[in-house]
Each structure stands twice: as structure tokens, then as C-alpha cells.
Amino acid sequence: MHHEYDGILEINNQLPRWWTIMFYATIVWGFLYFILYPGLGSFEGVLGWKSSNQDIRSLAESEQARIDAKANGDIVQYDRELDFAEERFAPIFAAYAKQPIESLAQDPEALKVGQRLFSQNCSQCHGSDARGQRGFPNLTDNDWLYGGTPAKITETLTLGRQAAMPAQLAAMGEQGIEEVVAYALSLSGRQVDPDLKEKGKVRFAICSACHGPDGKGNQALGAPNLTDNIWLYGGSHKAVTETLTYGRNGVMPSFKKTLGEEKIHLVAAYVYSLSQDK
């Protein structure tokens, strides 16, 4: 049936055959795509393809690719700017590297350089003000997991740190964890159930191997002090229970290759200065 309005006639012509074939082919391809590739909820697709694992390189492979590109003359703009900066500022870094960290911590100009390096490399985890966040230590409060001397700070930056708090659910059970949580919270002056506290004190012997019999921690192991009310992963009853139940794994990457000794020296001086008036 034709429709006409204001002299315009609408008719129902049949679509070209090629258009119809293409239309149904795209429908078939759509179903086939969802079978082969991820797209339907949690179904990963028959091929197991993921965009997140394409062209993944390790740090070593990326570094080697950069070296090869440089050797072949395919150096990119970033590398040119980096080489220029290294040539221009190398004498400044070398001069600072000859001074002890304690002296640099009193030098405003050196601290400006150290602060910029910190912002570029460390603030993503520790914050621009170095006060940290959940799982990343506050560097301004003079509470150190591995030691806050210039040598220890330099060691941490150079080698990185690998911390491990083992899960205790299998060893203690839910009731045992409840008791140890009460005792651990009491060490920093919190009010807890007296009965749970006394039972937890006995069970705390398992924890004392790392945290010490008095709960004051062990910097050689990176075991935190439990008596100062400073909590890396939160000090609520729930947070401490989660720590004991599931454990914690903290990683501080090494900056030996990223910064080198001279820049690490300046960053260490800046970090050291942050807690000297605390």
C-alpha cells in the first residue's frame, strides 16, 4: 500500500540482494564474534584473547628495546631530552653526591632538587606530601619500618623492600585471631575485652618472632611497632582482623636503575629531612 503526502509518494521497493546478504552476514558474524572473543559477561571467549595481555614486555625487555633503538640510531625525542638533561645537570648531582646526607638535609637548594625527584618518582605511592596512604608508609612521622638513618633510607631506595605478613587463620583459627586482635590493639592503649586480651597475650608468642615479645617490632625484618598506634593498613578492629586473617604483602621497588646513586642520594636527603623536626 502506497502512502502519499504533499505530493511525495512513499513506496516499498525491495532492498538490493547484496545489501540483504550483507545484513544477515553481519548478524552471523556478531554471534560468531561473541563466541570467539570476550563480550558476554564473564565468558572469556573460545580463543581466550584479552586486550590487556597484548604486546606485554618485561622491564628488562623494554630496557633492551630502548638500548637497541639507541644503537640503531632510532633514538626518540624523550631520549634526546634525557641525554641533554644528564649532560647539563650531571655536574650538579656529582657535587651533591660528595656531601653527606645530614648536610644536604640542611641545604634548601639540595632539598628543592630532592623534592622534585621525590614528586616524579615516589609521590604516586607516598603522596605529594610524603604522608603516605593505606599500605604506603608515612615518611614524615619518624616511624620507620626498616630504619630511618641516612644509610637505611639509601638502602631502601637502592635495593627496594619485600615485606610479608603471613596469614594466621590456619594457625590460630577465628577465635584465636579475635584474641590476638584484642591484645594487639591493647598494646597501643586501646580499650578491649580483658578476657580476650589475656588469651591473646598467650597466642601472641606466634607473632613475637617478628614483632618482638613487647610488640615494638623489628626493623631488620620490617616488622612494624604495634605499640605506637600507627597502622600501615588501618588500626580499626576490622582492619587488624583482616591483616591477621589474610596476611599482607608490601613491595617497595628498587630505584637503583631508575635514579642511580647520585639522585638516590638527594632523594634520601629529602626524605631524611622530613622527619627531623618530629
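Cβ atoms are placed via backbone N, Cα and C, with glycine included.
Unlike curated records, TrEMBL annotations are generated automatically.
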Look at the heme c 2 binding annotation in TrEMBL, where Cys207, Cys210, His211 are given, and name the residue from Met22, Met165 listed for that site too.
-> Met165
In whole Å, could you give the widest CA to CA gap in the heme c 2 site formed by Met165, Cys207, Cys210, His211?
-> 11
What else in the chain is close to the transmembrane segment (18-40), if you only count residues 6 or more beyond its ends and a Cβ gap under 8 Å?
-> 46-47, 49-50
Close in space, distant in sequence - His126 (heme c 1 binding site), Cβ under 8 Å, 6 or more apart = Gly132, Gln133, Phe136, Pro137, Asn138, Leu139
Find the one among the binding-site residues Cys122, Cys125, Met252 whose C-alpha lies closest to that of Cys210 (heme c 2 binding site).
-> Met252
If you draw a 10 Å sphere on the Cβ of His211 (heme c 2 binding site), how many other Cβ atoms land inside?
-> 22
How many Å separate the Cα atoms of Met252 (heme c 1 binding site) and Met165 (heme c 2 binding site)?
-> 15
